[in-house]
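What TrEMBL says about this protein:
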type     : residues : note
COMPBIAS : 385-403  : compositional bias 'Low complexity'
COMPBIAS : 484-493  : compositional bias 'Polar residues'
COMPBIAS : 496-506  : compositional bias 'Pro residues'
REGION   : 378-420  : region 'Disordered'
REGION   : 480-510  : region 'Disordered'
TRANSMEM : 20-45    : transmembrane segment
TRANSMEM : 65-89    : transmembrane segment
TRANSMEM : 110-130  : transmembrane segment
TRANSMEM : 156-177  : transmembrane segment
TRANSMEM : 219-239  : transmembrane segment
TRANSMEM : 259-281  : transmembrane segment
Amino acid sequence: MFSMKQNCWFIRKVVIWRAVASIAWSVLLLPITTAVFVLLSRFSLFHPIQWISDCTNLLTASSTIFSLMVLCAVVLITGFFNLEFYTLVPSIPCSRVALLGTVLHPLQCVHSLVYSSMGMLVMWCASVIISGRYSTLGTPCMQNESGDVLTCLNEYHLFLLLAGAFMGYSHSFLGVVKNMYYVSFQPIQQYKYPQFKGCLPMLLKCSVIQSLYSTRNFAALYFFFGYVPRTWISSTLNLPIDSSLQPLDSLTGLLDFSLLYHLSISGTFLYFTWYLIVLIFRIYATEAYSFPVQSTFSEDAERCLPKVVGEKSTLVMKFLALQDLALLSQHSPSRRQEVFSLSQPGGHPHNWNAISGECLCLLRDLTQRLVAHQDAVASNGRVKSQSASSDTRSASSSSSVLSGMEDVPETPRPTVPLRTPGSVFKSSVGGMHSSLTAPFTPDVDSPFCSPAIRRLVGQQDPQSPWFGTVQSPHIMRRGPKLWSASTESQSNGSPPASPAISPSPPAANQKPSFLAQWLQNRKEQLPEASSQALFADSQAHIWALQGLSHLVAASFSEDQFGVVQTTLPSILSSLVVLLEAVDRHFKLPHASSKPARTVCSMGDSTYKTLRFALRAALKTAIYKITTTFGEHLNAVNISTEHRKRLQQFLEFKE
């Protein structure tokens, strides 16, 4: 109970208040962006004095103030959705069917509906601010010969509202496809203001480009289907269409420079407002936090680094702790001394054991995943044969890669399942899903949830290749195959799939239907996406490598009690075994291919290169240790194979 209260307090202080601060800054910056939008919407090159005068009057008008209040409500809702949908582990669909299922997921449909509604609200505020022919949905018109003034449908206002709904859906759709809700930690820490100022040009550029794309796409869509909403709105609201005006679903109607200009700047204002909220939230969420290494009082022990670094219920706290560990190991000699210190009374290195044990556990888990992935690829995504010969081959393959992991100390694991990335705040302050447990909580029970999220939250798919122990010879295939299986594979000696998990093959004279073949092709797994999903959470492993290697290197001169030397063989063996597994992975097809550079987007694509960053961090960590200890490593009790590999680093041949 006490620990639960401590976690609740910690989450409120570190995370919730950061989210509240980001939303508050977004609201405070909204009048500035609105004023810039007013200046651009009333821009007049040949009448500058009248332009400034009109803008000043418009900024103080009651309609503008009311629109600003509506925009503040939109910012609050957007900030809440950011807090609800953001994740530290990206969701990477490994097949086309998985991507389609993610887009059509009921929760995503609700998200798209809400953003379409907010897009219409923002465009309504923009049309009120621009005023003129865009101000209201109904406009006076002369409709009959008697000269009666009727209220007709204002298609210009309707055009902007529909464009706002289209841009809102586009923002929601691209948020899923381009992982806009993925929060990545920057490799180089900066203060909030320089980071914000440096990102503003990119933010404006992305807003303008996305607005132009949306304007083009919506204009084309309205050209073909614009008569449908116009006729429906006209009949529903009893607003006749003014036949004296040119309809906008025609070339002459759409080739209106003023209309396209106002639509473009309104779209830029909409996207800039949303992107600004995203940017500020990312800056605040990834700000470094300094945890105390040890505390004098027992009630503060749950907030110390050795405890938080092993956190299983709140992923954001675990990431912040690992980030602090990496910074501590490089830049804080006084805090390193606390890591190497002994407990009083007793004289046990509890701090070092907890930190090194958790780091080694992370590296061991990654090694096992890589080995399981390689075994699955070797069998072409099929279930391995149940024969004794297959058992022997699988056991020898696994034991050869994990031979150095036997002496790695096991960190005591909690009895509750690991719930890190999928449910960051679940089970941390209570069993139910409260407002405090809402952020960073993707639906892990969804059939379209990322495999990386299920893997870390402890909900493993029984058909996952890493279900159970890696040493099991009966590694089961994934849902979608890793690569397309050749129809001649069985004739070439590939073992057939088990009838328990695969449908029976069709008869020899019966061909699969076109629909079945089309669905099978869409289910084929994308190789590069599979590799990206395997390393989706590797930022934690990179920090673990950095923290562990710098602490080991610093212990050469700072460890007065020799606490690090007792675990040095396990650390070296773990690093070498992981390096062998990573090297084997990069020999697979598409694993070493660099991802293509994407067009300017607010979607964070750094996860696509995490496997390269992890390989570089792993080699840097080994070099850091070998260059520090030098020939003293010959006295460390490790296997001959590992010693030969470390010798390559000592001779700078890697």
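Keep in mind that glycine also has a Cβ here, set from the backbone N, Cα and C atoms.
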Applying the under-8 angstroms CB criterion, which one of 20-45, 65-89, 110-130, 219-239 scores highest with the transmembrane segment (259-281)? 20-45
Among 20-45, 65-89, 110-130, 219-239, the most Cβ pairs under 8 Å with the transmembrane segment (156-177) come from 110-130
What residues elsewhere in the chain lie close to the transmembrane segment (20-45), defined as a C-beta under 8 angstroms and at least 6 residues from its ends? 51, 54-55, 58-59, 64, 67-68, 71-72, 75-76, 78-79, 126, 129-130, 262, 265-266, 269, 272-273, 276-277, 280-281, 283-285
